[in-house]
Amino acid sequence: MTNIRKTHPLLKIINHSFIDLPAPSNISSWWNFGSLLGICLMIQILTGLFLAMHYTSDTMTAFSSVTHICRDVNYGWLIRYMHANGASMFFICLFLHVGRGMYYGSYTFMETWNIGVILLFAVMATAFMGYVLPWGQMSFWGATVITNLLSAIPYIGTTLVEWIWGGFSVDKATLTRFFAFHFILPFIITALVIVHLLFLHETGSNNPTGLNSDADKIPFHPYYTIKDILGVLMMISFLMTLVLFFPDLLGDPDNYMPANPLNTPPHIKPEWYFLFAYAILRSIPNKLGGVLALILSILILALLPFLHTSKQRSLMFRPITQILYWILVANLLVLTWIGGQPVEHPFIIIGQLASISYFSIILILMPISGIIEDKMLKWNL
């Protein structure tokens, strides 16, 4: 008798995706982050669902409802902090996942990569709208500043901003629609994740060498299921340490003050995972230019397949590009630091230099180093 998992219409799909899936035998722990992101998404949807049961999306009661969740709901504090810090874990895994893709040349799977870039935008939009919901000072002013950037769009800008706000300022209408979008987007993200996996399974996984691994495949289960479980346990340990010992480490103290349109916080800044993009935005003195740079700082990922000049896919055997890659990582850390600093000397010039080098490394230096390495190997024939 044939195993039911190989014959049943539904189980067959699961079998081909997670059990009998042929996987390269040499993929390292950098390939764990896909499954970790899936777990993060599940944690966020579940904790978010339970939070939504007690949250009210009204300017008068939003802040109080979050306080009520933390004080009166059974384990409400745990659910709330798991959701808030779960977002941070989500972005840590996302950045490492994208970084892995850049290092090992996974962007040559064009469809998978482009869906991934769309997913990144969707997750960023969801996180931004979620940050507005507690209706603290930083929620309100963050929403005001970021939505206001759309007014830089010529001709339709102001109308567009007022349309998004649902009035002449960030108010009740804005909060209600942000809650609606924040609720629906994770389900759209889940659908996109399925498409992401669909495209990935068309080609099969990449591996650290960047070479074709068809000759050496192993079944996903038990080898990579057990490996993924180890990764999940490590991530959950880290998340729970954060939640139970340092729940406010990554948050902003200003968000413990109810939103007040008459009082601007001294330093308006987003959550840590947006700081690199915020630094790029602020480094350009022109409003429209800043907005374009902000969008391009993420959209540049979609250009990577076209900027690949080397005859090798991975950076594993490309020392010059490796150095540039790690300079880029350090550069992003500098941008993250600058994004959280006030707009004054010397932070302004550091931010501008870091922004220039960010785009230069990706658009100019890495493609050139790819050509140089090919020449050194006499592969440019």
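The backbone N, Cα and C atoms fix where each Cβ goes, and this holds for glycine too.
Feature annotations, reproduced from Swiss-Prot:
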BINDING   His83, His182  heme b b562 binding site
BINDING   His97, His196  heme b b566 binding site
BINDING   His201  ubiquinone binding site
TRANSMEM  33-53  transmembrane segment
TRANSMEM  77-98  transmembrane segment
TRANSMEM  113-133  transmembrane segment
TRANSMEM  178-198  transmembrane segment
TRANSMEM  226-246  transmembrane segment
TRANSMEM  288-308  transmembrane segment
TRANSMEM  320-340  transmembrane segment
TRANSMEM  347-367  transmembrane segment
Compared by Cα position, which of the binding-site residues His83, His182, His201 is the closest one to His97 (heme b b566 binding site)?
His201
If I restrict to non-local contacts, at least six residues apart, and a C-beta distance under 8 angstroms, what lies near His83 (heme b b562 binding site) in its own chain?
Gln44, Thr47, Gly48, Leu51
By a simple count, how many Cβ atoms lie within 10 Å of the Cβ of His201 (ubiquinone binding site), its own Cβ left out?
14
Tertiary contacts of the transmembrane segment (113-133) (same chain, 6+ residues out, Cβ under 8 Å):
48, 55, 57, 62, 66, 87, 90-91, 94, 98, 101, 106-107, 139-140, 142-143, 146, 174-175, 178-179, 181-182, 185-186, 188-189, 192-193, 195-196, 199, 270-271, 273-274, 298-299, 301-302, 304-305
If you count every Cβ pair below 8 Å, which range out of 77-98, 178-198, 288-308 shares the most with the transmembrane segment (226-246)?
77-98
What same-chain residues, at least 6 away in sequence, bring their CB to under 8 Å of the CB of His182 (heme b b562 binding site)?
Gly48, Thr126, Met129, Gly130, Leu133
Chain-internal residues near His196 (heme b b566 binding site), provided their CB is under 8 angstroms and they sit 6+ positions away:
Thr112, Ile115, Gly116, Leu119
Hey, does DSSP put His196 (heme b b566 binding site) in a helix, a strand, or just coil?
helix
